[in-house]
Each structure stands twice: as structure tokens, then as C-alpha cells.
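Colleague: In case it's useful when we look at the structure, here is the feature table from TrEMBL:
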type     : residues : note
DOMAIN   : 269-404  : domain 'GGDEF'
TRANSMEM : 6-23     : transmembrane segment
TRANSMEM : 35-56    : transmembrane segment
TRANSMEM : 76-95    : transmembrane segment
TRANSMEM : 107-128  : transmembrane segment
TRANSMEM : 148-170  : transmembrane segment
TRANSMEM : 182-200  : transmembrane segment
TRANSMEM : 206-231  : transmembrane segment
Amino acid sequence: MNYLMVVVALFFLNAVIFLFMLMKYFTNKQILPTLILSLAFLSGLIYLVETIVIIHKPINGSTLIQTKSNDLSIFYIFRQLSFICLTSLALFCYGKDNILDNNKKKTGILLLALIPFLVFPLLAHNLSSYNADYSLYVVDYCPDNHTATWGINYTKILVCLWAFLLFFIIMRTRLASELWPLIALLCLASLCCNLLLLTLDEYNYTIWYISRGIEVSSKLFVVSFLIYNIFQELQLSSKLAVHDVLTNIYNRRYFFNSVESLLSRPVVKDFCVMLVDINQFKRINAQWGHRVGDKVLVSIVDIIQQSIRPDDILARLEGEVFGLLFTELNSAQAKIIAERMRKNVELLTGFSNRYDVPEQMTISIGTVFSTGDTRNISLVMTEADKALREAKSEGGNKVIIHHI
């Protein structure tokens, strides 16, 4: 019963890892090794089903004990062989874009993967007691003390295969991606399991369960990491949905949603919307290139963030235009903040500045202040845009405030 619980646990862990790998492949179908690795875990499910069926068979006499032990050993060995072969194939495809771009090669690789995925399980099934003509004997049963002697040569072969696979994974991938370190961990765990089994001169339950415990623990860790990784990706996806990639501040979508959310409140207190434009930015791009232009954008964003309060909303609306949303402040405070931003940009981008921008920069700020009487976002943004255009028409490096 205890061994059955271990096998069932391995079945569900393999199933979960297979589903994670498959979903990862569907999110990016260019990652062929991920699909092959998913087949490695799926093939394990086939052997584990066979193992569960054998465990449920009733035992009547020493012959059936030997047969049962032998069948379990066969499926254990072939489960590892399938995983090793499929992982080796995935490792072969790793980093080879020419395979991914060639449909014939890709199809050939997938057909080759069917050998350890389907042929090996069929072979294992026929080498077990299901087919008396082609039986493979891995263990010998001793009726005197009712023990089964493990075929140590098979374990030595597995130890060598796992050791070589682990070595080639490290050498080939340098454990650079998030996936291959997990596969390397499973290889290391399997290597340790089989090294433990080398000490089996008889069916020692303690060593067997320790080895199974190592396998379960390693796969449980992999599942935990994959779940954690998914949450990280969801978090990153949520962040990218509302953040500008270059400057790491909020984007246009988040800014307008925030203004609309503010205006939809039952009670709207004093608020201020500012539009900031970097003067002569197009000339900077043309003269110094987009790389320097990006540096200017990031630098000015950093200066503005230092000039405002932590809860104020700063967003990149388009190009060199930024939007800011302030709440719980009066018109005089809004004027002070706007002037502080303007002066800081002019001062901190001057000669020998720490941001290493090629020349002194200035900004124009169009500000609209409201006491909460308006609920029309179009009116708010139109007035802010008018104020900005007025500031630029007067030569730039100015703050213009409109009240609505």
C-alpha cells in the first residue's frame, strides 16, 4: 500500500509537470525542446499506469512474487530510459534555430521522439510477464528467504547514463535558462536514486523507499518552482499591461483609467492633471540618435519622480509627452510642484550632469486644476493640452496653469 501511494504521487507529479511543459510550449511554439521534454514526462505516466496495475495484482505463491518484482523492475528501468532518450533529444535541439525553421527537420525530430515515447513502453510491456515468449529477467527470487535479488548491472548502466546526461546538460546549456536547471536537478536526483539501488543485494525496503522519496521530493520541487514561475510571469504580464517598457513608469492606458476612476467617484476633491513635454527632443533624436534619446527620456523620468510625491501618478502618454495626476492639493501646491520639476530638469541636466545627457534639457508643463466640479475627462485633457501648447508657444521651459 505504501509503495502504491508513492507511485500514485509520482503519477500526479509527472502529470502536472507534463501539463506545465505543454502549456509553456503552446505559449511559444518555437521552443521545440520544451515539447520533447513534455513527452518525457508523459511517457513516464504510461509506465506508472503499468506499475499501478501490477501492484494491484494479487500474490499467490513465490512464482507470482518473482514475476511481480520483475515486472516492476522492467517498467522502472524503461521509464528512466525513455526519459533519458527524450531529454537527450531535447538537448540536441537546444539552441539549434535551423531545426526550428525547417519543417522537415522538425517533423523528423518529432518522429524520432516517438521511439522512446511509444516504442519503449510497448517493448517494456512485451518484455514483462504479459508476453511469455519475450520475457526479460531483471530480478531473481530466492524462495528460501522470500527475497528478490536486484540485477545490479542494469542499475550500473542507468547510473552511467544519468551521469553522462547530467554532464552534457551542464556543458550544453550552461544552465542558462530557467528550465534546464530543473531538468539537471531531476537527473541528479535519479543518479542518487540509482546509486542507492547499487547497495541492494536483496529487496531492501528502506533503501528502496529512500530512493523513491528522493524522486518524489525532486519532482515536488520542480512542480513548486513551475507554479512560482507562472505566478512571476502573471505578475510581469500584469505589470507590462500598465507600465511603459522603456521608462518603467505607468503607460497611457493606466493614466486615463486613473483619471476616469477619479472622476467617477461620488465625491471628487481638488485634483490636478499635468502634461509634460520635453523641449527639442526630436532634434536630440536626430542629432544624437535614438539610444541617446532613450537615455534622455529615462533621465528626465527619474528627475520628475524625485520632484513629486510617492503617491502621485506619472505616466508616459506618447513619445516625449508625460502625464501626471495629483490629488489632495490646492492650486498653489500644484504650481510649486510643477516649478520644482521644471527647475530640477534644467539644473540636473546641465554641464557635467550625472545622467550623462549630451546637453541641457528643458520641459514645458501644461497644468489643469479642478476643485472637483467637472466630471468630463475630455474637458480635463483638452484644457491640459491647451495649457501645454500655450507653454510651448511662449518659448518652452514654462509652466502654464488653467482652472476648470
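Glycine too: its Cβ is placed from the backbone N, Cα and C atoms.
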Colleague: Looking only at residues six or more beyond either end of the transmembrane segment (182-200), which have a C-beta under 8 A from one in the stretch?
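Modeller: Same-chain residues near the transmembrane segment (182-200) but 6 or more away: 37, 80, 83, 87, 150, 152, 155-156, 158-159, 162-163, 165-166, 169-170, 175, 207-208, 210-212, 214-215, 217-219, 221-222, 225-226.
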Colleague: Based on DSSP, tally up the residues of the domain 'GGDEF' (269-404) by helix, strand and coil.
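Modeller: So the counts come to 61 helix, 34 strand, 41 coil.
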Colleague: Give the one range among 6-23, 35-56, 206-231 whose Cβ atoms make the most pairs under 8 Å with those of the transmembrane segment (76-95).
Modeller: 35-56
Colleague: Roughly where does the domain 'GGDEF' (269-404) sit in mean pLDDT, to the nearest integer?
Modeller: 95
Colleague: Who are the long-range neighbours of the transmembrane segment (107-128) in its own chain, taking Cβ under 8 Å and residues 6 or more past its ends?
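Modeller: For the transmembrane segment (107-128), the sequence-distant neighbours (Cβ-Cβ under 8 Å, at least 6 residues beyond its ends) are 32, 35-36, 39, 42-43, 46-47, 50, 70-71, 74-75, 77-78, 81-82, 85-86, 89, 93, 99, 134-136.
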